[in-house]
Amino acid sequence: MAGGALTDGGPGKRAHLYEHKFTMYFAFTCVVGALGGSLFGYDLGVSGGVTSMDDFLKRFFPDVYTKKQAHLNETDYWRKATIIVGALSFLVGAILNAAAVNIPMLIIGRVFLGGGIGFGNQAVPLYLSEMAPASSRGAVNQLFQFTTCAGILIANLVNYFTNKIHPHGWRISLGLAGIPAVLMLLGGIFCAETPNSLVEQGRLDEARKVLEKVRGTKNVDAEFEDLKDASELAQAVKSPFKILLKRKYRPQLIIGALGIPAFQQLTGNNSILFYAPVIFQSLGFGANASLFSSFITNGALLVATVISMFLVDRFGRRKFFLEAGFEMICCMIITAVVLAVEFGHGKELSKGISTLLVIVIFLFVLAYGRSWGPLGWLVPSELFPLEIRSAAQSIVVCVNMIFTALVAQLFLLSLCHLKYGIFLLFGALIVVMSLFVYFLLPETKQVPIEEIYLLFENHWFWKNIVRDGKDQERADYQ
């Protein structure tokens, strides 16, 4: 279902009257907000590299090192405050990890890092979606994925050099995670709260000033009135988590809060990125070549994200999901076939076969980087109406992190047992998620964020469910 102007008596009815211009202040708020992605990206990228460094393993996991050597031979509506707290938490975690002298200290640092990532992942996509005008919301929101990719890329480059610094190179890698946290913390202090959030808090004059500032025009009456209408609905909601379970919000719950964040991890991409150094080593590359190859691969992820940023508001979310999904399935099948034929027969992979696998992984990352990577954060952040937006986004992050942990923990175990079959499994999962998108996700491009709920009222599958939910709500009220 294509996105477009919709009319209804609820929030968003004045969408065709919205005006906006590009302003430097709008750009500043987007860049600062998007820095939250760099925390996630740097942490994801640096972890895989550090865990392959011998000095790190010697210090904390000597048994693993020995075996390796033997084998080788917010309140709900305060986006700004949540972002600042996330930056502080991540900064503390980076300091603790860099200074770690024992495993408990390392674990405590990881807890703070995880808290920072959780706060950032919950607030940043919402912050960017609420700040952006409908015409460029896709590109602006994908700044989060862009900085995530940049963080991964920089982390791999850092690991490439710190791997040669003995015995404290790993401390440098972990400690440098504090740099984006400091930038995000300082920038967050000067950024404004989103107009949506300010209206929800009853700070109407301030909300209008911020809206005028980020839109670059005084003519924001229509959009401001729609924000107030949405806020009135939100104010009536006392238990957003309970409300989210209502039948009329079933599409948002299934697609945005559960389906997309889970499927994003089930593509297998984060597993490949997290264990990229180990994968490249197993393909015959040396330790340094492994980190360098990971750096090249993550460069593809960054390029793909830029492509998506410029094109997603033109071609739409569904086309990117489906087209890239087909490419990812093909890459998984090719990888499985090559490993089934060439790997595990008492011989090392030839240089040509290893190069082929690296190219296939490169193409897979290109496809993921313009689809499930950025859209996995963009689409959920724009699906939820204001009254359940913060609660729903917290579920999005929770589901995403749970599946991130599950896939990361089970990937190597599954790889050992299923061997090449693990890639066929991921390919099959991508088929399922592509069908999920094709049949259940309406197109959201160019649709104002407070108007997206109308898409489900006109969707071939969801309209009856939403209508029944509203009828039941009216009956209960009467």
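Numbers run from 1 along the shown chain.
A Cβ is built for glycine as well, from the same backbone N, Cα and C atoms used for every other residue.
Because TrEMBL annotations are produced automatically, they should be read as predictions rather than curated entries.
According to TrEMBL, the feature domain 'Major facilitator superfamily (MFS) profile' maps to 1-445.
Per TrEMBL, transmembrane segment is recorded for 22-42 (among others).
If you look up TrEMBL, you'll see 81-100 (among others) marked as transmembrane segment.
Same-chain residues lying 6+ beyond the ends of the transmembrane segment (107-128) with a Cβ under 8 Å from its Cβ atoms: 29-30, 33-34, 36-37, 39-40, 43, 74, 79-80, 82-83, 85-97, 100, 140-141, 143-144, 174, 177, 181, 184, 194, 377-378, 380-381, 389-390, 393-394, 396-397, 400-401. Among the features that TrEMBL reports, transmembrane segment is placed at 107-128 (among others).
The transmembrane segment annotation in TrEMBL covers 143-162 (among others).
According to TrEMBL, the transmembrane segment annotation covers 169-190 (among others).
Beyond the ends of the transmembrane segment (291-312), by six or more residues, the same chain brings 45, 48-49, 52, 138-139, 142-143, 145-146, 149-150, 152-153, 156-157, 159-160, 163, 273, 276-277, 280, 285, 320, 358, 361-362, 365-371, 373-375, 378, 445 to within a C-beta distance below 8 angstroms of the stretch. If you look up TrEMBL, you'll see 291-312 (among others) marked as transmembrane segment.
What TrEMBL lists as transmembrane segment is 324-343 (among others). Packing against the transmembrane segment (324-343) from elsewhere in the chain are residues 267-268, 349-350, 353, 356-357, 360-361, 363-364, 366-368, 370-372, 419-421, 423-424, 426-427, 430-431, 433-434, 437: each is 6 or more residues past its ends and has a CB under 8 Å from a CB in it.
For 349-369 (among others), the entry in TrEMBL reads transmembrane segment.
Per TrEMBL, transmembrane segment is recorded for 390-414 (among others).
Among the features that TrEMBL reports, transmembrane segment is placed at 420-441 (among others).
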